[in-house]
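Quick notes on the structure that follows.
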Amino acid sequence: RAWGGAHFGAGSGRVWLDEVQCSGNELTLDQCPKAAWGEHNCQHTEDAGVSCTPLTDGSVRLAGKRGSSEGKLEVFYRGQWGTVCKDGWIPANTQVVCRQLGYRSGESLPPEGGRFPAGSGPILLDNVICTGKEPALSVCSRGAWLRHDCSPQEDVNIRCLGKLTHSPSVPLRLTGGETSREGRVEVYLHGLWGTVCDDGWTDRDAEVVCRQLGYSGVAKARMMAYFGEGEGPIHVDNVKCSGEEHSLVDCLKQPTGTHNCRHSEDAGVICDYGQSQNSIKEIKEGWSSVCGVRLVHTRQRRIIGGENSLRGRLALAGSGPSQRVSWRWKAGVWSYAYQLVLDPYLSPLL
C-alpha cells in the first residue's frame, strides 16, 4: 500500500525523487517515469512511504510435521489461516494447489488419525471444484468464504511432488488486442519491453502465458504478428512449454535476445478463448449503406493490427463480373468474416 503525507514520519536530507509514475510492471523504481534526480518542489512533510504485506487472501500452505511438501491444506483469508473441507475434492484441485506452491504435481492423502495436527483456525472453504488450469485455488469454483457444513475431521490433506526450480518471473503484457485478455505477448527485460518470436509457438505456450497473467480458461496461440508488429527488441525465441510451467521464463531454451526473427513473426495469445467477444453490429451497419457492396457471411475470423479498427487497404483479387475483395486490413477487432462482393454493374468503375 502507498502512503503519503510523511505517514511514517518526515525524513531528513535531500528529497531525491518527485512525480514518480509507475505502471507496476517495472523491475526497479528507477525505471518508472519521474522527474530528474534531485528536482522537486516538495517538503519532507510530503515524504512517501509503503507497507508491504507478503500474504494475500488466497495464499496457501501445507501444515504438518513432515516439511512443507505435505500436510493439512490451509488458506489465508483476512489475516488468518484456515482449513479447506474435502467435500467434492477432486485431483484437479490438488494439482492447482501444488502448482501454486511451486510443485509439478500432487496427491490427496487420507485423513489418517494423528498424522497431521488438527487445524487451529476456521474452515474457510468448501465445495471447491477446479478445472486444473487455474493459477490459484481461490479462483476455482467454490462456496463463499467461511460457508461450509463440515467438521475438522474433513480437512483436506495433500502431498506435493516434484519441486520446480523457477527462474525469477518477468513481467508480461498483452498489447494490440481489443480486450485485455488478448494481444501480442511482450516481455520486460533489461529495462525494455520486447516481443516473442513465434518459432515453435503453440497453445501450450499460450496456456502458460495466460496462467501467468491470471486467466484460467482455454488459451490459444496466434502467430505471424496476428495482433500487429511490435517495436523494440525481440527478447525471446524458440519457446517450448509443456503447459505445466509456472511462468514463461521456465520455458526458455536459449539465451534471451538470441533469435533469427523479424517483428512480422511476433507471437500473440487469446486467453479465455470462446467467451463472449465484441459485437459485430457496428461493422455490419457500417457497410450496409455502401452502394454496390453486399456482405456474405462466412465464418468467425479475426482482422488484425493497424492504427484503428476501421482503417485499412482493400485489394481486389480475381476477375470477372463478381470480383471478390480480399482484405488487407490490419485492425484488431473481433468480427465475423464477411466477403465484400461487388455488384457486377459497378465493378468497371473501380
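Glycine is treated like the rest: Cβ placed from N, Cα and C.
Taken from TrEMBL, the feature disulfide bond covers Cys22-Cys32 (among others).
According to TrEMBL, the disulfide bond annotation covers Cys130-Cys140 (among others). Counting every protein chain shown, the Cβ of Cys130 (disulfide bond) has 22 other Cβ atoms within 10 Å.
Per TrEMBL, disulfide bond is recorded for Cys197-Cys261 (among others). Of all Cβ atoms in the shown protein chains, 17 besides its own fall within 10 Å of the Cβ of Cys261 (disulfide bond).
According to TrEMBL, the feature disulfide bond maps to Cys210-Cys271 (among others).
Within the same chain, residues at least six positions away from Cys251 (disulfide bond) with a Cβ under 8 Å of its Cβ are Asp205, Val208, Val239, Lys240, Cys241, Ser242, Glu245. Residues annotated as disulfide bond in TrEMBL: Cys241-Cys251 (among others).
Among the features that TrEMBL reports, domain 'SRCR' is placed at 1-53 (among others).
Averaged over the domain 'SRCR' (60-161), the predicted model has a pLDDT of 84. Feature annotation from TrEMBL assigns domain 'SRCR' to 60-161 (among others).
DSSP assignment over the domain 'SRCR' (172-272) gives 17 helix, 29 strand, 55 coil. Taken from TrEMBL, the feature domain 'SRCR' covers 172-272 (among others).
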Considering the disulfide-bonded residues Cys32, Cys210, which residue's Cβ sits among the greatest number of other Cβ atoms within 10 Å?
-> Cys210
Report the same-chain neighbours of Cys140 (disulfide bond): residues 6+ apart in sequence with Cβ closer than 8 Å to its Cβ, ordered by sequence.
-> Asn93, Val96, Val128, Ile129, Cys130, Thr131, Glu134
Surrounding CB atoms that lie within 10 Å of the CB of Cys22 (disulfide bond), all protein chains = 13
Relative to the Cβ of Cys197 (disulfide bond), which residues of the same chain, six or more apart in sequence, are found under 8 Å away?
-> Ile234, Val236, Asp237, Asn238, His259, Asn260, Cys261, Glu265, Asp266, Ala267
Fewest neighbouring Cβ atoms within 10 Å among the disulfide-bonded residues Cys241, Cys271 goes to Cys241
